[in-house]
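S.K.: The annotation domain 'DUF2231' is assigned in TrEMBL to B:13-131. Annotation source TrEMBL lists domain 'Cytochrome C Planctomycete-type' at B:174-233. For B:16-34, B:46-69, B:81-100, B:107-127, the entry in TrEMBL reads transmembrane segment.
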Amino acid sequence: MTRDELNAYRLVKEANEIQAAAYTRRHFLKESAMGLGALAMGALFGSCNFGGTKGNNPVLYDAAHPLLPKSPPFLGKAKSVIYLHMAGAPSQLELFDFKPELMKMNGQDCPPSLLAGKKFAFITGVPKMLGPQANFAQHGQSRAWVSDNMPHFSTMTDDVSFLKAVSTDQFNHAPAQLLMHTGSARLGRPSIGSWVTYGLGTENQNLPGFVVLTSGGSFPDAGKSIWGSGFLPSVYQGVQCRSEGDPVLFIKDPHGMSRDLRKASIDAINASNLEEYATYNDPEIQSRVAQYEMAYRMQISAPEVMNINNEPQYIHDMYGTQPGKACFANNVLLARKLVEKGVRFVQLFDWGWDAHGDGPANSLNIGLKNKCRSTDKPITALLLDLKQRGMLEDTLVVWGGEFGRTPMMENRNGIQNPYNGRDHHTEAFTMWMAGGGIKKGYTHGETDEIGYSAVSGKVDAFDIQATILNQLGFDHEQFTFPFQGRPFRLTDVAGKVIRDIVA
Amino acid sequence: MIILTIPEFIGRFHPILVHLPIGILLLGCLFQLLTLNAKFVFLKPAIPMICLLGALAAIFSCASGYLLSASGDYDGNLVDLHFWMGISVSVISLLLYLMYWKAVKEIFLNVTSAALIILITLTGHYGGSLTHGSDYMTAALKGEASKVAIPPVPDVQKAIAYTHLVQPLLQNRCYSCHGSEKQKGKLRMDNISFMLKGGEDGASLIPGRANESDLIKRMLLPISNDDHMPPKEKPQLTAEEIAMLQWWINEGATADKKVSDLKQPAEIKPILLSFQTGAVLAKKTVAADIPEEEVEKADAAAIEKLKKVGVVVIPVLSNSNYLSASFVTAKADPAVLKLLEALNKQLIWLNLASASITDQTMGNIVKLQNLRKINLSHTAITDQGLTLLKDLKKLQVINLVGSKVTALGIIAPLTGLKELQHLYLYQTGVEQKDQAKLKAAFKKVSLDFGNYTLPFLAQDTTVVK
């Protein structure tokens with residue numbers, strides 16, 4: 001070591017010592033408080049299971065194969081779900097909830113006790129009571145009441161469980177639909193179909209796991225958010241398909257584009273996307289790659305599976321399909337075909353059930369009857385067809401709207417509506433479930449003598465979601481996804497499985 | 001809606017306030033006893049202040065406790081005891097504080113401190129008994145007896161309705177708040193006459209009129225309702241239990257009649273039966289969906305090979321070794337079917353719907369001894385292939401929809417399957433005239449021949465104008 005080197009070494013050593021002397025014990029305690037606090041925080045939050053790598057609800061997302069089938073944590077009775085949503089809210093009082101007492105009150109002023117402190121979407125002042133606008137009879141061994149609006153379905157009462165006292169806290173269509181399908185009246189949560197495909201994947205990798213079919217001439221009021229994936233990876237969002245024409249828009253290769261060229265271009269796009277992924281590690285990029293690949297596979301299998309025209313004539317007769325048109329019956333038949341091919345969740349929306357009485361199409365005596373006529377036979381055929389194919393055992397069918405309708409006749413702005421109609425009603429309405437391990441010929445819940453509110457067996461959207469998840473083999477309280485620093489559930493902090501309707 | 005007066009409102013803070021004197025005084029006494037050891041003498045100066053604060057907190061607790069006891073929902077004797085003990089704690093702690101100023105002998109301080117510790121413990125215990133019930137601590141030691149509200153009776157018809165069904169139920173679900181120790185809402189339920197007399201809101205029992213009885217009305221209220229009983233955080237009654245109570249009240253709410261002496265409408269019979277020993281056992285004999293015994297993990301290499309060719313092989317539920325296999329996107333080539341053999345112990349569900357399995361290749365699945373469900377719908381299977389199923393004794397569900405099997409071909413091999421529950425025969429070679437024969441051969445099996453049609457109704461196609 002030369003003299004210069006030695007001096008330099010001493011200088012550095014001295015500097016280090018002076019610096020070290022500046023760190024007093026007080027300094028150490030002061031500084032380490034933050035560090036120790038952070039350590040403690042980490043330990044505390046570690047038990048909250050961020051990232052879900054510990055504990056019993058791991059993140060089920062495999063970005064490279066997001067839709068591979070997975071086992072449920074419990075033994076589920078149902079493998080697939082067909083959810084028939086009558087958008088606009090069908091009137092329980094003209095379909096399933098028979099109220100002879102209401103008939104007696106027909107035309108009378110609504111008692112103030114039913115109006116005090118209540119808010120309605122349109123009713124103002126004192127409306128008149130409106131008796132049932134349909135004839136009812138008891139059907140099957142279960143002696144369930146069904147009106148003459150649904151002559152076909154009335155033969156199926158011994159196969160379904162009715163929920164007569166469903167309630168909600170949203171009296172407008174969009175939030176009520178969001179609540180029913182995503183567990184929140186606000187936008188941004190994943191829909192139940194997304195949760196289910198996230199949790200179970202899907203058996204058929206050549207088809208989407210979550211298919212949405214709409215009919216009735218309009219989208220449901222809440223729009224595409226009710227089949228959105230919210231904070232789940234976007235690969236789980238519902239894929240909207242059509243029963244007529246191309247099942248998925250732009251599924252055919254464009255003119256001049258050969259199959260090989262299509263494959264080559266998708267490969268090139270995916271290669272470039274994967275490079276991007278290598279740089280940024282954003283799982284959404286992998287989702288995108290998986291979606292391109294699925295779209296390519298779907299080009300081969302979807303046109304065949306989704307073509308209802310290759311079904312025999314007697315099946316068409318049974319469902320009452322209308323070839324060449326976009327209609328509910330066609331969608332229902334398509335739903336059966338999709339489930340048969342391993343699709344996990346098929347969501348049907350049929351628009352036009354909003355019988356306010358403000359016009360003929362929205363009246364109980366015209367519009368509602370026509371909606372019943374266009375859905376009664378297809379729904380009945382679906383149940384029977386699933387049954388005879390041995391599929392009803394593991395396919396859960398759910399029917400319902402987003403809320404119910406008032407026992408009062410609607411008087412918009414205080415003036416009687418021109419046609420018989422009812423306003424939105426949140427306190428009690430009817431839904432039913434069938435198959436997938438649900439009791440047959442059972443009725444849960446009861447409303448008061450005019451069908452205004454629940455007397456027993458009251459359930460809400462969360463309870464229905466909890467029950468659907470239960471039938472698929474999930475405990476809705478354990479089935480979570482980490483987002484914004486906490487595990488989220490479909491049912492948030494509510495929901496109770498409706499054990500009474502589980503077989 | 002309960003409207004609280006201001007004293008009642010203050011009274012409700014008692015259960016929170018009491019923890020102050022308990023904590024502070026115990027600390028004071030502890031310090032005093034610690035000073036016995038010379039090492040801790042330095043604690044001495046703090047003790048008087050601690051005692052004073054503790055005494056003040058004890059006085060406030062006593063005052064709030066007095067206001068709470070005035071609401072009268074509690075067992076009188078226990079409240080009195082707790083009340084006087086609480087006052088003693090305040091007095092003794094104040095005394096202790098004064099003793100420090102008078103500089104009395106160390107031994108007195110120590111004895112008083114020790115006595116105060118014991119007194120505080122006892123006072124706290126009685127207070128806890130008032131809130132949670134006197135068996136709160138011992139309940140855990142008694143095991144899970146409280147889970148079943150009604151202990152099963154050997155023969156429900158010979159049981160006395162009140163003593164054997166109603167009373168045990170009320171005892172497990174109601175007495176802790178409406179019994180001899182505590183009478184919330186001034187209601188006692190441990191005797192029929194008390195229930196008839198009722199509480200603040202009138203009689204809780206109206207014999208013969210179950211749905212007008214407060215007892216039933218409150219149980220039927222939605223759980224979110226404040227008047228719902230039992231309170232929502234407590235164990236609830238099941239629908240069967242409520243139905244049984246309704247029936248008992250409607251039949252006159254008798255004290256000594258046997259079940260067989262009371263009228264039994266059809267709908268109550270199965271409910272009553274469910275309280276009998278053996279009812280639970282009867283349910284269990286239905287074959288389980290998956291085997292109860294454990295099985296070792298399947299050969300991972302075989303599963304991997306199957307997955308490669310598109311067969312979906314997954315456990316029936318996560319953390320089970322039992323498997324399901326589906327050929328929904330795979331071809332059932334002989335080589336692939338052969339691979340299933342490696343899973344013969346684990347595979348319990350097999351879906352071959354629309355797969356290209358034939359009579360010739362059926363031989364590959366006869367080794368799958370544990371199969372519970374098999375779906376052979378829309379395959380080319382005939383009677384010949386079906387005979388091979390006769391050895392799969394665990395089969396519960398067989399789906400033959402759209403295959404070529406006939407009635408004769410079904411009866412011979414499948415009648416020997418004792419666990420069989422469902423047989424789907426839509427669009428098979430089974431003719432209408434054979435259906436009766438099949439029904440006779442499979443008495444315990446649900447047979448579905450399908451071919452459902454719906455009538456053409458004028459209203460299906462017409463539109464209301």
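From the backbone N, Cα and C atoms, a Cβ is placed for every residue, glycine too.
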S.K.: On the DSSP side of things, how many residues of the domain 'Cytochrome C Planctomycete-type' (B:174-233) fall into helix, strand and coil, could you say?
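M.R.: Result for the domain 'Cytochrome C Planctomycete-type' (B:174-233), in helix, strand, coil order: 19 helix, 5 strand, 36 coil.
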S.K.: Which residues, given as numbers and ranges, are at least 6 beyond the ends of the transmembrane segment (B:107-127) yet have a Cβ under 8 Å from it?
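M.R.: Distant contacts of the transmembrane segment (B:107-127): 15, 18, 21-22, 25-26, 28-30, 32-33, 36, 65, 78, 81-82, 85-86, 88-89, 92-93, 95-96, 99-100.
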S.K.: Looking only at the domain 'Cytochrome C Planctomycete-type' (B:174-233), what is the mean pLDDT?
M.R.: 86
S.K.: Could you pull out which residues elsewhere in the chain have a CB under 8 Å from any CB of the transmembrane segment (B:16-34), counting only those six or more residues past its ends?
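M.R.: Apart from its flanks, the transmembrane segment (B:16-34) reaches 40, 43-44, 46-47, 50-51, 53-55, 57-58, 60-61, 64-65, 89-90, 93, 96, 109-110, 113-114, 116-117, 120, 124, 127.
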